[in-house]
Amino acid sequence: MGREELNLASPWVKWKGKDLFDLVCRTLGLRETWFFGLQYTIKDTVAWLKMDKKVLDHDVPTEEPKTFHFLAKFYPENAEEELVQEITQHLFFLQVKKQILDEKIFCPPEASVLLASYAVQAKYGDYDPNVHKRGFLAQEELLPKRVINLYQMTPEMWEERITAWYAEHRGRARDEAEMEYLKIAQDLEMYGVNYFAIRNKKGTELLLGVDALGLHIYDPDNRLTPKISFPWNEIRNISYSDKEFTIKPLDKKIDVFKFNSSKLRVNKLILQLCIGNHDLFMRRRKADSLEVQQMKAQAREEKARKQMERQCLAREKQMREEAERTRDELERRLMQLKEEATMANEALMRSEETADLLAEKAQITEEEAKLLAQKAAEAEQEMQRIKATAIRTEEEKRLMEQKVLEAEMLALKMAEESERRAKEADQLKQDLQEARESERRAKQKLLEITSKSSYTSMNSSTTALPTDLPSYNLISESLSFDFKDTDMKRLSMEIEKEKVEYMERSKHLQEQLNELKTEIEALKLKERETALDILHNENSSRGNSKHNTIKKPQAQGRRPICI
């Protein structure tokens, strides 16, 4: 449990135990004081500060500074029903967690993994794979060393199994995770039990266990399953004389049980614990005092207020995430439009270049056609001139005819070539016209994309995150709540719904525990099992627990005690 440093003025030496205890409780803001006490050690024996006795009148160690540990002295039967204040729950969580890790409370491996996952939820909040990456639990002490040594598993393998359960606790606040931890821990056999070494009248060594349910007698080698139990409602009287302690059952047919402890101081401590646990046992079975009723009402209102705050935060977070998703989608769409505009612009530039090339080629072809037509005209003129020139001799005539024939053939070829070039020029003109039409369509598409991009930009600017979105840092003073009857009815319905969900979760939880136990069973090192591990496995196979052990005498009928 955490430590508190107090600067005490010199008059504190005259204080009574209650004055010092009240000062610590006020410092912590604790009102459920009846569970706690100030513990100290004297000659290897644990003792508790008495409220009505001066501090220096106790047999506290003489050395300075004097050390007192603020710890839970009495444990509740049902943590969820009895622990009202959040600070009370937190202090019990810290103490029970330390006792499990120090192996003062035996915890089976599969349950220790589940408890570790709730401890991680209480410390780190909701699981986030982007934050809680592999190795984030490397420096955390989460499992008893006995459990770690019992299996051939690396720290990474343990972390993987703890994280798998941790991820399922999403949405639980710190106080809820700590309460779930306590609800599981309170069913462990050694939870809340103070053990004392005793001897019966035959000199047999035994253990006496004192807890919220009653007195229990154990074998020294078996702290899990009591040989016999005395529930508080079946005990008529408890007393001691020197080192002899006497338990008188309510049923006079049952023998008085007597035992001896090693020291008178131990008997005093046992009697203190018996009186305190019995008082709380009777108190639980009566109507709540006005103070407790007031505390529970305040706790319900505080829980409802926190629940509304969490719902408000969840809504704001959801709205912010939706706004961010909308912004990201608009940005993505804008980038897509920009890419389309770039591609269209490039296509337009390619179309312009193609049109220029076609226009240049058409011009060249047209000039060639004109040149060929000119040559054809010159050839025709030459033919007419040759025809007009009459060669008188036959040889000249024959030669002239041959030249005329050749000139005609050349003129025919020139005419065909001129016609082909003219067709090619017409085709190039048509291609040029089509290229210019493509250029016009590309320019029109670019204009449409440009106007669409500007419209999308305007929309994205209007749908951007509003500057007045509530931040994550809420000021509690600015929140006010009016709890009406309808609100309380709704809260009651929600609580009933939570009970049903809890039963379903409990069944699912047991299935998960069994699944994990089966999964890691193959990695167990049987030779490293402790006596308590073996006893726990035997009890589990028989269905035994400390609760049904207490009920056994009632089911089997009364019989004389023989230990």
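Numbering starts at 1 and runs along the chain as displayed.
Glycine residues also receive a Cβ, built from the backbone N, Cα and C atoms like all the rest.
Remember, it's a predicted structure, so these values are computed and weren't measured experimentally.
TrEMBL tags one of the stretches 421-440, 501-520 as region 'Disordered', and that stretch is 421-440. Coiled coil is the annotation TrEMBL gives to one range among 282-323, 450-491, 492-533, and that range is 492-533. The domain 'FERM' (1-285) scores a mean pLDDT of 88 in the predicted structure.
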